[in-house]
Amino acid sequence: MKEPFAACNPSVCFIFFAAALLLSVFLTNPCFLALDAAASTLYMLLLRRSGGLRFLMSILGFSALLAALNPLFNTSGSTVLFTYFSRPYTLEALLYGVTAGGMFFSVMMWASCWQQTMDSDKMLYLFSGLAPAASLMLSMVFQMVPALRRKAETITAVQKGIGCTGTGNTRQKLRNSVGRLSALTSWALEGSLTTADSMKSRGYGTGRRTSFARYTFRAADCGALVFFGACFLLAAVSFSPRYQWSCSGTAFWLAFGGSAALLLFPSFLHIKEDILWNYFRSKILAFPIQRHRKRHCTK
């Protein structure tokens, strides 16, 4: 099953993620932070399935650590929970750390969704006309980081195969780590030289660069942009910039509804497509059985 939101025009995906990141940073109400974290986590798990659980737990642990460490450096606040080395550990600083940790968590979840949705071809399609060098560099960086990770895992597996399992004294472990780093650096430099020679032989820089993939702007993409704009304006205009704990009032529910409709849009598309896919698949699988039963009854 193809991801329905990734099948939209790249401009639609880019505008959605930009709006989601803006809402993650500027909406500091705890209710909005919980909504943003839940929506980003839901979409990340829908995209990565069980593979995203490890990433989720690591980011969740780092966010909790960030929230717990904030009162150690920021002692502002009047509600003292306990003291350490004659320094107060305040509730207000802890709540501020929870807010910062929630923002970090949501941003990292949306970044993971971005990585699964926006590839290098879409980045070149969006920005090759405005900034060709920057768009190419950005797309190559996004492609290089996962490639370096896969290559590092391959090098580690090869070293284990030849007996370098990382056991021994500290000097031997350090030597094995330096060997892995040297092999990874050599591979990256060799790959960059090969890429540069290939780009030069293909005529890069001699004329205007075009995109390999062709995307059409459909009526559904236009409707999605209008929907995004309406939800974002509803959330931005109705939300009070003051830090409030209350989750009530007409303005709050307008802002909350607009934010929920915007942030849950790709998850709604994915769940709807998944339901339709399983429904039609079950109909297709059940069709030969029904036909076989009818033939058996006629005999």
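Cβ from N, Cα, C; glycine included.
Per TrEMBL, the features are:
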type     : residues : note
TRANSMEM : 12-35    : transmembrane segment
TRANSMEM : 55-73    : transmembrane segment
TRANSMEM : 93-111   : transmembrane segment
TRANSMEM : 123-142  : transmembrane segment
TRANSMEM : 219-239  : transmembrane segment
TRANSMEM : 251-271  : transmembrane segment
### Summary
The answer for the transmembrane segment (93-111), taking Cβ pairs under 8 Å and residues 6+ beyond its ends, is 17, 20-21, 24-25, 28, 30, 33-34, 36-37, 40-41, 43-44, 56, 59-60, 62-64, 66-71, 74-77, 81
## Note on the structure
Tertiary contacts of the transmembrane segment (55-73), defined by C-beta under 8 angstroms and 6+ residue spacing from its ends, are 41, 44-45, 48, 87, 89-90, 93-94, 96-98, 100-102, 104-105, 108-109, 112
